[in-house]
Amino acid sequence: MYTSGYANRSSSFPTTTHNAARAATENAAAGLVSEVVYHEDQPMMAQLLLLPLLRHLGQQSRWQLWLTPQQKLSREWVQSAGLPLTKVMQISQLAPPHTLESMIRALRTGNYSVVIGWLTEELTEEEHASLVEAANVGNAVGFIMRPVRAHALPRRQHSGLKIHSNLYH
């Protein structure tokens, strides 16, 4: 998972998911953009990492926006995941350029505690900077979900922290 600026904010690393969620929410005052890189054949790993944080952010009065490529979130899954059904919004079937643009606009508004978007390609430095600036303005958290094939390796890494889900087997 890639975090912009978040990794350098605290000298101690929270040891529990609850503490991590609380720390992320407290630090969201400056905005946060993270990239979650996961194997296409192991999407559950990304869910295990994100659901505690999403549940915690769901306690805010703001919406959670999911920008999904094709999949539609089911009411049953949202409820079973412990997410607030009344605060989850979804827009599906967006092309990648529209997903990035929509993420930037949504993050900037401040209406969303978290904006989650799926992108297949790595971001340019300019695109990443635009997302970070928008998250800071809107006091929001943005997650870029990027599935990769098992044999694909990242070409480069932004300065920050990137945790690949295959490290958690």
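Keep in mind that glycine also has a Cβ here, set from the backbone N, Cα and C atoms.
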Looking at the ranges 66-73, 90-97, 162-169, which is given as region 'Lon protease binding' in Swiss-Prot?
162-169
Which one of these stretches, 36-42, 78-84, 106-112, 127-133, shows up in Swiss-Prot as region 'FtsZ binding'?
106-112
DSSP says what for the region 'FtsZ binding' (106-112): how many helix, strand, coil residues?
4 helix, 1 strand, 2 coil
